[in-house]
């Protein structure tokens, strides 16, 4: 019993230890997996752990990490130790998680943090303690949470270096005085306060300067209170998603000077005719206001504004008016803005884009006396109404005009109307459909910049003014560029069909040119250097033929990398196939590909030298003789076989030199042909067939003779025909393998005097007896007896 009772606690402890070990073992691989999956940082120590389904900040953070992206996970809590080791963190992205709680000293080690994004989480309150250690923080995003206020005091009091702040959410309802204490300057402040219901006056006055203030507030009373505070600190005020329904209340009432707001932007706002008039009057009260902008707004009216009230108010200080994508619900009932003429005299910049403008009345256009910049891009302007919009004396000071993306069809007609703008310098009429253009056009005399891109022009003509310094004809159907523009400094030819660079002599002062996305295959050193003033050349995205000449120029031209825009990654070889897709700057062609002519010349030279050496060697070693004899032998072999014995006509064929003919014909012939029985001799003088080729006569005579007599002398070895006879006899020795040759030494001669190529004859002379003509008459009888015996053998 005692032992059993003692074993129970022991077993219990073992089970507990096993469970703890199992839990740790299961948790350890999870942490290792998180380290491997998440903390894979790049060279700048930026770690991306977004969209990984993490429930907590992963362990393993080190002091090397500078950027940590934990966005779009399921993190609910930031604990004290989570970021303790990440002391060099500059950017921390925690947006779109489920964070509802942050320990007070969670950011205690992040003294170097510059950007913190806690947006779109579940924070129900903000604590100044969180941000206390973040004295280097410049950008803070806390919008999209669930807090209803910023607390009783300022949560940002310690953020002395804060530059941009974005706050607010659908539950955000109150801003109290003191909420922004500690912040003196902000580059950008954005408040999402669609449901903001209470604003304590003066709450934003603690911020002395805000470069860009963005607010979204629906309640007009709250909006008015906020605006009155911002008029003294904001430089650029942007109001989003508001529907103005002011009547007698003035936005600037109770405001004291000086007012600082210089730019006012309405984004997504709705206006009526009634409120347009009141806003125009109210804005005149803001004497610092220089720029008014409306983006994606809706006008619920017909343009029936109270011009009398507007005219009675102060003169407007606005110099720039920009309207983009304005929707007029009663567009076809809209008035012609009569009466507004007196309000536009000080405008310097006017932009009405994407708003269906089809005409400006001439009488109104003449009142824009100070206007320098006019932008009507993406509207409904047409040629037959352009004369009304740009009539004589209209827009008298205009220097820049943008009529791009309208419905203009005739360049000649458009140019004629535009010529009324005598001070015009810059003109953009791109994205109209002009097509063919005439040879002559009338332009303003001071025009320097012309944009004709995307206008379906197939060919440029002298319609283009010669005064231009900048010309853009990109995205047309141009095959070439042949205009003479002596003052041109910038030329844009992107997305055309040009195969070569333009002639530099036509545009001698060109500084920058873009000819990307054309059909340019290459350009030479001469073409490139002909542009003396060229500083920038964009020839990227062409199909380059990487020839040896082109590559040699590219690789050796000094400073070309500083001139070519997009070099080297945007310059790709299209051919030859072996280097297609490679960067032009990295391609090296082989010696054979680059110096083919030189290599062929070298090969030809080597072949010539080889043949020359063969000729010299052949001459020295009688190669010509071997070839001629081989040919003759082959010719002889093609004839019928040697005649049988009954066809032998001669006992001997006599081969001798003409200089030895006296001895042969007067002595040897008499001795042999008058012997008993007589010998039949074949002599070339007597027995050769007339008209027959000499070589054939020699071959036939040798083959029809039983023996061949060679009368050797100094004259013999010098005779060409004697050599032929020796040659064929030499072949006969090989063919029949018998001794058919009889050598007679008419005078003493060394065996070495016989050419070395006649190895068989030399062998006969060296190994067998030959007959030598004796000068002694007593021995001559013995000579004849021996010769006759040799012939009979």
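Cβ from N, Cα, C; glycine included.
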Feature transmembrane segment in Swiss-Prot, mapped to one of the ranges 598-618, 619-639, 640-660, 661-681: 598-618
So, in DSSP terms, is residue 362 (disulfide bond) helix, strand, or coil? helix
Whole-Å Cα distance, residue 195 (N-linked glycosylation site) to residue 120 (N-linked glycosylation site), is 17
Looking only at Cβ atoms, how many others are within 10 Å of the one on residue 161 (N-linked glycosylation site)? 12
Of the recorded positions 41, 325, 391, 441, 451, which sits closest to residue 161 (N-linked glycosylation site) by Cα distance? 41
Per DSSP, the repeat 'LRR 9' (423-444) contains 0 helix, 3 strand, 19 coil
Rounded to the nearest angstrom, how far is the Cα of residue 451 (N-linked glycosylation site) from the Cα of residue 463 (disulfide bond)? 14
Using Cα positions only, nearest of the recorded positions to residue 120 (N-linked glycosylation site) (41, 47, 48, 325, 391): 48
So which recorded positions out of 41, 47, 48, 325, 362, 451 end up within 10 angstroms of residue 402 (N-linked glycosylation site), measuring C-alpha to C-alpha? 451
